[in-house]
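Asker: Below are the features listed in Swiss-Prot for this protein:
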TOPO_DOM  1-23  topological domain 'Cytoplasmic'
TRANSMEM  24-44  transmembrane segment
TOPO_DOM  45-69  topological domain 'Extracellular'
TRANSMEM  70-90  transmembrane segment
TOPO_DOM  91-98  topological domain 'Cytoplasmic'
TRANSMEM  99-119  transmembrane segment
TOPO_DOM  120-124  topological domain 'Extracellular'
TRANSMEM  125-145  transmembrane segment
TOPO_DOM  146-163  topological domain 'Cytoplasmic'
TRANSMEM  164-184  transmembrane segment
TOPO_DOM  185-210  topological domain 'Extracellular'
TRANSMEM  211-231  transmembrane segment
TOPO_DOM  232-290  topological domain 'Cytoplasmic'
TRANSMEM  291-311  transmembrane segment
TRANSMEM  344-364  transmembrane segment
TOPO_DOM  365-369  topological domain 'Cytoplasmic'
TRANSMEM  370-390  transmembrane segment
TOPO_DOM  391-400  topological domain 'Extracellular'
TRANSMEM  401-421  transmembrane segment
TOPO_DOM  422-440  topological domain 'Cytoplasmic'
TRANSMEM  441-461  transmembrane segment
TOPO_DOM  462-481  topological domain 'Extracellular'
TRANSMEM  482-502  transmembrane segment
TOPO_DOM  503-534  topological domain 'Cytoplasmic'
REGION    507-534  region 'Disordered'
């Protein structure tokens, strides 16, 4: 059976080597682009409003209408969700490596095309941008299940969690790169082409060269991704796919002998034994009996986490304005606004978002996925309620720094918590022939939650007083009530975490139970040791 295969045992016990770190960089570049893209578009939406939606004589600079802003920011989410489902399924059908190249090329081409969006009217430019951002998201979506699956199937038992989490943590570098590129490009153009503040010269405050600024920022994300294409194509197919799905033990042994630089026996006679009792499909009775609750656990926790995680971005504008990092829009020119927004968001990322990722990498194989996820949801719940219940206290000028610290801590415990573990666990607990598909389903549930968080709460967080809402938005339930709802969402995440098994220190075959067969009566032979914490 699978547990007897020397090639898989060799991978499980292999010492940490150069190929592990090479795999992290190659797989992580997709997440670098993912974070860069989602982050950089939020830096340039204000600029897009000034360029394409300027109204003569208006007291404030132009801004994207709510429906256009939602489309520009949200269309990539829709593409990502579709890509996660499609490429997740395709990765199990055709193999990880074949599909991996497709997703990367799609990301590179659509990143560049997004920056070349054209049209005679503002509406046509935004429509072209949205079209290419959907397909960019589609490619990024494919990277989620494939990168996680490839890293989990290459890693050893001892440090597998840290390696998969490190791939995901490349998002942190993508966020920082997005901020730094926006700062450098906007500063360079600002110095070269001085312009007055909006209140001193409405039309002159947005220079014609500003149109190049957002295009350069959007396109830059394609460069590091394109550089890894060669190495992606050089990676051999994972041994677990070749042996357990394609049933080609000889090829798997040859590939891993080169990678690990050790002699491994082919064991071709075990091919039939591998699949005995492990040929059930997705959503069959046997799948639901073995993995149904696990899939519910991974999908629901990712869904709930992303509602809370992506809705937190809604409060950034209030925070930045409150602490004076971003002055009123009319007191700045277009490029000054890009510079200020990029600087503020990069500082928040540097102080709270990025450290959280690497705390997970450091501790995931020491204290386990289950403990980190439960702890993360717990502290996110605590901090959300701590912000919500005395909300009027935090709005006073003297308490604003405290509000920023509390806000930063929710981001920290999202990343040193469920934001990382919801990505890691689905790559470890499902059978090889369904691993990529199940990870894609879990990730797609997460993106559905992201859409609820980013857009549902964009409307919900509006003031209950119609006179105080943002332009174009109806009255909502207010920020305080929104924070209370988000606290409840995080608490639900804690409860659904109880469905997620602990995979620390176990092989993929132990977790997926591919090292079990069926006896002559067709009943399952269960491996010793429970997987679900109680």
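Each Cβ is built from the backbone N, Cα and C atoms, and glycine gets one as well.
Fair warning: this is a prediction, and the values are worked out from it, not measured in the lab.
Please go over these features one by one and say how buried each is and what sits next to it.
Answerer: Within its own chain, the topological domain 'Extracellular' (45-69) has Cβ neighbours under 8 Å at 122, 125-126, 198, 202-203, 205-206, 210-211, 213-214, 329-330, 334-335, 337-338, 341, 470-473, counting only residues six or more beyond its boundaries.
When the topological domain 'Cytoplasmic' (91-98) is classified with DSSP, helix, strand and coil residues number 7 helix, 0 strand, 1 coil.
When averaged over the topological domain 'Extracellular' (120-124), pLDDT in the model lands at 91.
Packing against the topological domain 'Cytoplasmic' (146-163) from elsewhere in the chain are residues 11-16, 19-20, 23-24, 27-28, 30-31, 87-88, 91, 96, 99-100, 103, 235, 238-241, 361-362, 364-365, 369, 423-424, 426-428, 432, 435-436, 439, 503-508: each is 6 or more residues past its ends and has a CB under 8 Å from a CB in it.
Beyond its flanks by at least six residues, the transmembrane segment (164-184) meets 24, 27-29, 31-37, 39-40, 43-44, 147-148, 151-152, 155, 216-217, 220-221, 224, 338-339, 341-343, 345-346, 349-350, 353-354, 357-358, 360-361, 364, 415, 420, 423-424, 427-428 of its own chain at Cβ-Cβ distances under 8 Å.
Note on the transmembrane segment (291-311): residues 373, 377, 380, 384, 414, 418-419, 422-423, 425-426, 429-431, 434, 438, 441-443, 445-454, 456-457, 461, 482, 486, 489-490, 492-493, 496-501, 512, 531-532 of its chain, located 6 or more positions outside it, place their CB under 8 angstroms from a CB of the stretch.
Outside the topological domain 'Cytoplasmic' (365-369) by six or more residues, the chain places 158-162, 421, 424-425, 500, 502-505 with a CB less than 8 A from a CB of the stretch.
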Asker: For the transmembrane segment (70-90), I need the partner stretch with the highest count of C-beta pairs below 8 angstroms, choosing only from 99-119, 125-145, 211-231, 401-421, 482-502.
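Answerer: Of the candidates 99-119, 125-145, 211-231, 401-421, 482-502, 125-145 scores highest.
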Asker: Are there residues at least 6 beyond the ends of the transmembrane segment (401-421) whose Cβ is under 8 Å from a Cβ of it, and what are they?
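Answerer: Sequence-distant neighbours of the transmembrane segment (401-421): 165, 168-169, 172, 301-302, 305, 308-309, 312, 315, 319, 322-323, 348, 351-357, 359-361, 363-364, 369, 372-373, 375-377, 379-380, 383-384, 386-387, 394-395, 493, 497.
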Asker: Per the definition of 3+ C-beta pairs under 8 A with sequence separation of 6 or more, do the transmembrane segment (441-461) and the transmembrane segment (370-390) touch?
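Answerer: Contact absent: fewer than 3 Cβ pairs fall under 8 Å.
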